[in-house]
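K.L.:
The following block contains the structure, expressed as structure tokens.
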């Protein structure tokens with residue numbers, strides 16, 4: 001823990017927010033008198049070998065119980081990663097109830113099986129209403145999921161909370177997703193912005209509330225970069241497939257003789273090689289483009305998130321470094337038939353968390369001191385319904 005000046009000219013606490021702990025002096029706009037800013041780096045202490053033992057047991061028990069152990073496996077996994085993530089000498093905790101998750105899993109699983117059965121038997125009168133119900137309820141499920149995850153995440157004995165409304169979720173995950181599905185790349189970055197803003201602004205810890213200082217423009221830059229990468233990579237994938245196929249055709253002598261057009265004289269094997277190389281290249285391209293979007297978005301959000309006006313997060317990891325990790329992790333998982341999954345998860349988590357920090361102008365214990373009221377109450381049925389992954 002060390003003291004460091006703010007690199008951002010905008011002081012902490014410029015927006016109105018309920019501050020935890022003792023009163024903190026507001027910082028003048030001219031920056032003449034600023035409070036001391038203390039930086040806390042996140043630390044991750046998990047190991048691949050230790051997590052592998054947990055992971056292999058989870059996989060075995062999930063298979064033996066025909067999936068019924070899945071909620072316990074998920075909770076144990078999160079407890080491991082949260083428990084090995086440290087901030088200012090205290091680790092995080094995850095306290096979800098696996099039995100509650102199991103009831104939600106069974107309900108959702110039953111509905112999914114019913115939907116699959118209806119569509120396979122062409123019972124559209126049953127399948128389509130189920131599909132429409134899912135689409136209509138998706139923003140509501142996201143809202144409940146965010147509340148569930150926050151309420152079960154603890155630090156220093158105090159749980160987080162989520163104060164975003166269901167109506168706001170329908171804007172961020174309903175209207176925004178609909179616009180993105182219609183307008184494509186022209187609206188997709190706006191949807192990313194709306195969703196991340198909703199997540200950060202709704203976050204609470206004690207009496208402190210989240211605040212997002214970001215703008216929509218960087219999300220469009222991220223989207224354009226990903227689009228350019230996809231277009232350029234697509235051309236490279238096709239060229240690579242053509243080069244490999246041509247080399248094979250030449251070396252094997254499979255290019256049939258004749259005076260017809262070239263593609264008419266290429267054997268089926270050569271076409272298969274071209275298709276296979278191009279397909280694998282496109283898969284790698286998808287991993288690269290999507291992981292860049294995830295990494296760049298995560299870094300931008302972390303660099304523009306505040307909590308209670310007295311805590312600001314920051315990130316220094318490289319999105320391209322995260323891309324490299326994702327590609328090599330995927331290759332390792334393929335080569336090892338999935339056995340490298342724990343190693344890949346630990347490797348990615350350590351890389352990200354080693355590049356994340358928070359800066360505060362108040363002691364983190366002050367949050368705990370004023371947060372004596374109960375955490376956010378979650379409706380039992382909605383809390384247990386579904387825990388959807390909506391983060392980075």
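Cβ atoms are placed via backbone N, Cα and C, with glycine included.
Pulled the feature table from TrEMBL, pasting it below:
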- 1-10: compositional bias 'Pro residues' (COMPBIAS)
- 1-30: region 'Disordered' (REGION)
- 52-72: transmembrane segment (TRANSMEM)
- 100-118: transmembrane segment (TRANSMEM)
- 123-143: transmembrane segment (TRANSMEM)
- 170-193: transmembrane segment (TRANSMEM)
- 219-248: transmembrane segment (TRANSMEM)
- 268-289: transmembrane segment (TRANSMEM)
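I'd like to know what surrounds each of these features in this structure.
P.N.:
Within its own chain, the transmembrane segment (52-72) has Cβ neighbours under 8 Å at 80, 98-99, 101-102, 105, 109, 341-343, counting only residues six or more beyond its boundaries.
If you look at the transmembrane segment (170-193), the same-chain residues 6 or more away from its ends with a CB under 8 A from one of its CBs are 138-140, 142, 214-216, 219-220, 222-223, 227, 293, 297, 390.
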